[in-house]
Amino acid sequence: MTESEKRKSRITTRTLQRMRDRGERITMLTAYDFPTAKILDEAGVDVLLVGDTVGMVVQGHSTTLPVTMDQMIYHAEMVGRAADHAMVVVDLPFPDGQLDLLHSVRCGARVLKETQCHAVKLEGGAEQAERIEAMVGAGIPVMAHIGLRPQNIHVEGGYRLQRDIERLVADAKAAEAAGAFTVLIECVPSEAAAAITDAVKVPTIGIGAGRDVSGQVLVTHDILGLTSGYTPKFTRLFADVGNTIREAAKSYCDEVKAASFPSDAESFE
């Protein structure tokens, strides 16, 4: 799909499927606010993810677990208003994707009704098949998330590379059979991601999953140098915006201290 074609219509589940079928890579980045989402949308990003990673990169938590459904709705509303062309997917936070089926369906319905967003992301594979089917049956598109599942951190004992190819393929196939329109694969060996992609007909989106997938997703703060502390092996710094902000703030402080800001041109008579 050319940039001009992207500008003509909204990216949908069908768009993503067509892209996968013709071998066109899908791009996906996180967004949590209006101005960032607007810039990413204008740049031609196919899918914006309002991730529960907001808990770590914006709120300062060490995990995604403290994030609430109301907080996800708050951020999703801003991103939904900003995106004119990108598809917007919203995470179901812990434990809203793990409680009873009706609760999850209601949370997914809130996303579609209140935020102008288009789908939800649900962590889990085979064990979530019934939930995925219930949500899709209620008219809520679901992106399944397999491999490393951050909401499962305490069960796994940390963030660990997932190597069980047989289980990963089974998870992907179960999610596809239940109606998931895409499978996101996190932190698995390239060989596993390739096997998953070959095993399903829906698009696969990788994060730390190598090249042999239908598309890629990263945390926007990571690629812009806005994340303090640990940066995952699988990310890449595309622009050091964090340092630019730091230098701009320092220059502002220096000029205010020196009484060189504001100048006459920046003042009213």
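Residue positions begin at 1 at the first shown residue.
Just so you know, glycine gets a Cβ as well, placed from its N, Cα and C.
Just one of ASP21, ASP84, ASP91, ASP96 is listed by Swiss-Prot for the same Mg(2+) site as ASP52, GLU123, and that one is ASP91. Looking only at Cα atoms, LYS121 (3-methyl-2-oxobutanoate binding site) sits nearest to ASP91 among the recorded positions ASP52, ASP91, GLU186.
The Cβ neighbour count for GLU123 (Mg(2+) binding site), using a 10 Å radius and every protein chain shown, is 24.
Counting neighbouring Cβ atoms within 10 Å of each of the recorded positions (ASP52, GLU186), the lowest count belongs to GLU186.
Cα separation, ASP91 (Mg(2+) binding site) to THR53 (3-methyl-2-oxobutanoate binding site), rounded: 9 Å. It is 10 Å from the Cα atom of GLU186 (active site, proton acceptor) to that of GLU123 (Mg(2+) binding site).
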